[in-house]
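J.: As annotated by Swiss-Prot, substrate binding site applies to Arg27, Gln28, Ala29, Gly30, Arg31, Asp77, Tyr154, Ser209, His327. As annotated by Swiss-Prot, site 'Transition state stabilizer' applies to Asp77, with the evidence given as sequence analysis.
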Amino acid sequence: MAELKNDRYLRALLKQPVDRTPVWMMRQAGRYLPEYKATRAEAGDFMSLCKNQDLACEVTLQPLRRYDLDAAILFSDILTVPDAMGLGLYFETGEGPRFQRPTDTIDSIKKLCIPDPEDELGYVMRAVSTIRRELKGEVPLIGFSGSPWTLATYMVEGGSSKTFEKIKKMAYEEPATLHLLLDKLADSVILYLNAQVANGAQSLMIFDSWGGALSHHAYREFSLRYMQKIVDGLTRHADGRQVPVTLFTKGGGLWLESMAETGCDALGLDWTVDIGDARRRVGHKVALQGNMDPSVLYASPERIHQEVDQILSSYGEGTGHVFNLGHGIHQHVDPEHAGSFINSVHELSAQYHK
């Protein structure tokens, strides 16, 4: 593997000195870019794009050609793991992801097999190794997975949900059944993420997109408990370097202290959290990633600049901050505005690292 030329992102996650605040964007390879749309059209559909290692590599690299980013993130989907368990993932226009065979009974959950990441998920591993090779050491590669709770919401509900009625019913009516599913998913995610590291991922992120839908105590029981299990089981060193781990619970501002106790290296923040307050609460233990509202990118470059300045000022001096959005970039954002955001981080952040 080529030697890493820009390790700013990895250093910030480990709270080591940096010359400026590193920046990347969740969903930076995505529908806001015309070149992504062209590649997706070439693939035919979303999952065909994910499963073609050369096209997945191409869309991963596209934002890096446009912008001076400090990290690349694997182009894939969080639902690859349940798909590999045989649930029959498909996408309906306007409806999002759906499963042909939901796992909403104890019998269906008992039948689930933990997928071999080099077999059923081999296409992801081939994409990871291809991307790592093609990056040529320019920036580190982030691997990722959904959290067990978030994956389970799709598996039990049969797809996206606004109310999570089925899985919450299971949580309170048949908690042992849900724990069986979450435990299988945690084991699957550990294997999946460790295989990503073995194939070239240099940092890992766990997306708990729907943890914020849980009550205070239910979050610890059904989400955090299983992210803790994953953190405990991950490969934390590869290629002579530490492999940092970031946990991100959307709507998780209540639980930052508990999340920081897992032993992860960093926490992702959504835009509802004041990053300065988060630093005072947990900055002695973990780095922080975030957290500009993605909708700010609809604003003028001047307003984007102001928002970046405000977040940098709130975090304050020193390392331990990776600038990002508070969630994925919206598909209708002007790519030029994304460029303004990244340039503003570069321009304004150096003064905080003297």
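From the backbone N, Cα and C atoms, a Cβ is placed for every residue, glycine too.
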J.: Calculate the distance in Å between the alpha carbons (Cα) of His327 (substrate binding site) and Asp77 (site 'Transition state stabilizer'), and round it to a whole number.
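T.: With the alpha carbons as reference points, the distance is 15 Å.
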J.: So the record assigns Arg27, Gln28, Ala29, Gly30, Arg31, Asp77, Tyr154, Ser209, His327 to substrate. If I measure every Cα pair among those residues, what is the longest distance in angstrom, as a whole number?
T.: 23
J.: Can you grab the distance from Arg27 (substrate binding site) over to Asp77 (site 'Transition state stabilizer')? Cα atoms, rounded to a whole Å.
T.: 10
J.: Fill in the CA-CA distance, Ala29 (substrate binding site) to Asp77 (site 'Transition state stabilizer'), as an integer in Å.
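T.: Just about 12 Å between their Cα atoms.
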J.: Using Cα coordinates, what distance in whole Å links Arg31 (substrate binding site) and Asp77 (site 'Transition state stabilizer')?
T.: 14
J.: What whole-number Å value do you get for the CA-CA distance of Tyr154 (substrate binding site) and Asp77 (site 'Transition state stabilizer')?
T.: 13
J.: Arg27, Arg31, His327: which of these binding-site residues has the highest Cβ count within 10 Å of its own Cβ?
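T.: Within the set of binding-site residues, the most crowded position is His327.
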J.: Once near-sequence residues are set aside, which residues in the chain of Asp77 (site 'Transition state stabilizer'), 6 or more away, have Cβ atoms under 8 Å from its Cβ?
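T.: Listed in sequence order, they are Phe46, Met47, Cys50, Pro97.
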J.: Hey, does DSSP put Tyr154 (substrate binding site) in a helix, a strand, or just coil?
T.: helix
